[in-house]
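Please read the structure below before turning to the comments.
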Amino acid sequence: MKKLASLQFFNLKLLLNGESSRGFSKFKKNYKLKAELGRGGFGVVYRAVRTCDNALVAVKFIERSNVKEWARINGEQVPMEICMLAKCSKVRGVIRLLDWYSIPEGFLIVMERPYPCIDMFDFIKGQGKISEDMARFLFRQIAVTVHECVQNRVLHRDLKDENIVIDLVTGSTKLIDFGAATVLRRSQYSDFQGTRLYCPPEWFLHSLYLGREAAVWSLGVLLYNSLNGRLPFRNEKDICTAHLLGPLPFFVPVSAEVKDLISKCLTFDPFQRCSLEAILNHPWVKQQTLSWDALTKNKVQKKTSESSDDHHSETLGDHSETEEDRSPPTSSVSQQPGSADEGVGLSASSSNTHNQKKPNHKEFRMAKTSLLAPPTSIEMKAAVQASKTPTQFNVHTALKNQRQIKKHHSPQPPNSTVLTALRRAMSREAQNRISGVFSQD
């Protein structure tokens, strides 16, 4: 993929320097093309620098063969994306169109590039999920932007977290990628070019795509995703049948007001769905929110507090994981980090570990610590670390640590009691992995 991207970037540079682009040398005089920023279904976006003031910009290249819909600006035929960006030039929450150039092979669209910024997908992914106050701070801006676009008769048609960038300094949001955008009309649309998991059920069931109603649905999906760190639907079947299963599950504690707003946005019947104006006037959206500086400061303080708590409970966590390693393989698989139920699953397993009675484990642990001579804390830590380690590289590291421990300690006669306790501290799975390492050596 990297080779393909670099090849396409090289081809674009050849294109700008070739015979076919001599009539459009103005772009090369005004901008210096850099590396690729990203790509989507409608084009490729590159970094660029404006030569007159060294301002950072983004340049999107669209091939003529990939243009699905055309419009006219001053009598010249251009992709609909350029026309829609021009119509939204005064909308604060839309990425600003700076210039555009027509070349025989396609079009170059020059846009502002907020810096430093991150798209909402990466922002949510980096945080797992965001607080309700921060979600309100961002969602309110997005809803206002979508409403103002509609006021200018522009329908984006691809509202999702990847098409929203967040300024990390101010917290302001910008709606990007108008490749699927079109003129808003009252009648239904016969085509859909956006992301299917953000698409309303009426499109899958009846090929019915209504502009405003579909935008409201996408906003509901976006808000749910920002709070839960996951999309509400896995596939088209979920989208079309979720209303039969009752209210959507929430995996974090949220207020009744935001649940009410999401349920109104994700109403199955498009004609019963709330309007964009109703979203902006909803009590949850109108509720006063902290500033971006205060929100980010609270997030940093919370992370610091959580890391401190993790440090104090490190020993307890090691013992808990040792017990979990003794459980059947199915339970360990269900609690792997990175799974869909990571936040809820881990907290549930933690509470079960402390609340459920485990007489066998408890008696075994009592015998190990009171009746037998226990291994040293350093040896126990190395053993537990080896039992937790999923990869061969970390097993080597644990073994190396054990060898270093033996070097620093004076040689002692073998103690069968200590060896027995150490073996019990390590799971059978870890023993097999370590045996495999020794066999390779």
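The backbone N, Cα and C atoms fix where each Cβ goes, glycine too.
Among K26, K28, K60, only K60 appears in Swiss-Prot as part of the ATP site alongside L37, G38, R39, G40, G41, F42, G43, V44, V45. For the binding-site residues listed here (L37, V45), the lowest count of other CB atoms within 10 A around the CB belongs to L37. The sparsest Cβ neighbourhood within 10 Å, among the listed binding-site residues (G41, G43), is found at G41.
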